[in-house]
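Read through the structure below, which is laid out as structure tokens, and then see the notes.
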Amino acid sequence: MKTVRKRIDSGRLSIVMAAILLAYSLTPFIKIPNRELNLQLPGFLFILRVDYTGLVSILAAGLGATGMSWLLHSRMDELYNGKEFQHLLLPAMTAWAIGVPLGALEINLQWWAVFIFGGLLLGVVFYAEFIVVDFTDARYDLAVISLTAVGYAVYLILCVALRGAGIRLYLTLPVYFLTAGLISWRVLSLRLREKKLLHWSIVTAFVTTQVAIGLHYLPIFPIQFGLFLTGLCYACISFAVLYEHKLDMHKNWMEPVLILFLFVGVAFVIHP
């Protein structure tokens with residue numbers, strides 16, 4: 001029996017993409033003063049800076065999640081027991097992550113390059129998430145590879161942008177923890193499918209956050225900081241996958257260690 005391949009609604013995809021990218025493209029032309037929320041706590045002063053770009057990023061994340069839900073409307077018969085939620089995470093995080101470097105850059109050619117690259121990532125995520133709903137789809141493996149690559153790219157972008165922005169450590173730690181945990185959970189759910197993976201996600205988030213604390217005080221470039229954490233996140237996820245496949249312990253460690261050394265080596269070679 002020939003399998004019917006479902007296609008994503010190109011009209012809906014265009015509307016969702018246009019709404020998110022339009023929100024970001026208007027930010028250079030709208031000037032709203034930044035505000036600071038000060039909260040005096042015992043022993044220190046908590047300062048939270050709220051700017052227009054940050055609010056747009058949150059709006060874009062909401063648009064990414066609701067847009068993905070809209071695109072999946074034609075596949076609701078295949079989504080049950082709350083399984084739709086896992087398909088909304090990466091689109092929302094990608095839409096949000098685009099705004100972090102855009103908010104830190106001046107309006108120039110580099111800003112537009114990040115804008116275009118972010119738009120391409122969004123398109124890949126929406127299309128791939130639509131495909132992975134069906135395990136039997138011939139494009140499933142390619143879609144999993146694409147989503148995995150985008151997940152690591154989003155984490156790298158966030159780490160580099162937050163490090164370059166010079167934000168206080170207590171404000172960035174929750175971001176590092178949540179993004180590492182959510183991305184690892186999504187990647188593991190794609191590669192291991194129905195297995196329970198929450199404990200691996202928590203371990204990955206905890207380990208990467210602890211290393212981020214140590215790296216925060218070292219005189220390294222933002223791209224090096226991002227490569228260190230992304231390599232560690234990749235290594236933790238790779239070890240979890242190999243361990244769940246019940247391979248030999250030596251094989252469990254080989255790939256994660258090699259990948260981690262590769263990322264660290266590239267980080268040491270790079271000198272912006």
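Along the chain as shown, residues are numbered 1 onward.
Placement of Cβ uses the backbone N, Cα and C atoms for every residue, glycine included.
Caution: TrEMBL annotation is automatic and unverified by curators.
Some features that TrEMBL has for this protein:
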- 12-32: transmembrane segment (TRANSMEM)
- 52-73: transmembrane segment (TRANSMEM)
- 85-105: transmembrane segment (TRANSMEM)
- 111-130: transmembrane segment (TRANSMEM)
- 142-163: transmembrane segment (TRANSMEM)
- 169-188: transmembrane segment (TRANSMEM)
- 197-217: transmembrane segment (TRANSMEM)
- 223-241: transmembrane segment (TRANSMEM)
- 253-271: transmembrane segment (TRANSMEM)
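Between the transmembrane segment (169-188) and the stretches 111-130, 142-163, 197-217, 223-241, 253-271, the greatest number of Cβ pairs separated by less than 8 Å involves 197-217. Residues 6, 8, 13, 16-17, 20-21, 24-25, 28, 64, 67-68, 71-72, 75, 87, 90-91, 94-95, 97-98, 101-102, 105, 143-144, 146-147, 150, 153-154 of the same chain, all 6+ positions outside the transmembrane segment (111-130), place their C-beta atoms under 8 angstroms from a C-beta of that stretch. Stretch with the largest number of CB pairs closer than 8 A to the transmembrane segment (253-271), among 52-73, 85-105, 142-163, 197-217, 223-241: 223-241. Long-range contacts of the transmembrane segment (223-241) within the same chain, counting only residues at least 6 positions beyond its ends with a Cβ under 8 Å from a Cβ of the stretch, are 152, 155-157, 159-160, 163, 176, 180, 183-184, 187-188, 191-192, 197, 200, 203-204, 207-208, 211-212, 215, 252-253, 255-257, 259-260, 262-264, 266-268, 270, 272.
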